[in-house]
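Notes follow once the structure below has been shown.
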């Protein structure tokens, strides 16, 4: 099973301390997502001017793009505290009530994976978001009674990688909604250069660009690759990260110029060599490469689809012309479902 991939956008347990050190603290230091930054700066300034809590904020998009970082920045810009939790952790209504009643006025409550909130907990959240009130039950059995508690005005920042799983009543209660997009190579180069400065590593523009190109449009991956390249530069070079040093380090780490690792290449080659490029069903593909359906669907496929190397069709997965050209292979003649992918050879 694919775990702890170097190019995985999911966070890893041993990265948290370093990630905290290199995360930007203010909007002016946040690279990329220009439209979102400009809008958030206006909303925050307006809320501060009125002395009110910022409207509730929903941030969605692929993992590793900076949702947690943005929640911390919002709190810093507002000059308030931020409390962190996640959907799976809030198992009971009382868990959420305890968090809400301990907030100070205008504090930020950050709920990661908010799409995984249970229905009972979500019901408690509705009046809290809308009216700054919650209903809690006191006692048990016939003597039980409901009391209404007033909450201080607060800002809920919800983050999710799967916005489509949010219920309409919850989604409609967010006044500010932003989707985070993948980053350009130029933006990632700036992020890598900034992180290198914070880590005390010397890096050239070419070195930063080389790391950025292989980072799959994702800052979390860029920072992870930078740390590994820094190790390589320290031991195998003079400590300075040049384009050549970064390239050699990443080749040794099995990350190619497209940001693909061994798992990506195995998936693509299996489709092309064993299934003639497809269409191939997900179950057959999972059995052929020894992975679970969910791993292919949620971990391996998204980036390959986004880059145009795999296409989902009603009949199954298909390797595109880009996939064949990437490996120096000749795309086969196609008919029917795949004619539009390969054209006439």
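Even glycines carry a Cβ here, placed using N, Cα and C.
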Given that Swiss-Prot lists 22, 23, 64, 67, 68, 69, 130, 131, 132, 173, 183 as binding ATP, which residue among 216, 220, 224 does it place in the same site?
220
By the DSSP assignment reduced to helix, strand and coil, which category contains residue 183 (ATP binding site)?
coil
Mind checking which of 132, 183 has the fewest other CB atoms within 10 A of its CB? They're the binding-site residues.
132
Whole-number Å value of the largest CA-CA distance among 22, 23, 64, 67, 68, 69, 130, 131, 132, 173, 183, 220, listed as ATP-binding:
37
Spatial neighbours of residue 293 (DNA binding site) that are distant in sequence (at least 6 apart) but have CB under 8 A:
282, 283, 286
Sequence gap of 6 or more, Cβ distance under 8 Å: name the residues on the same chain that satisfy this around residue 68 (ATP binding site), in order along the sequence.
84, 110, 112, 159
Within 8 Å of the Cβ centroid of the DNA site residues 293, 312, 317, which other residues of the same chain have their Cβ?
281, 282, 285, 296, 297, 301, 310, 316
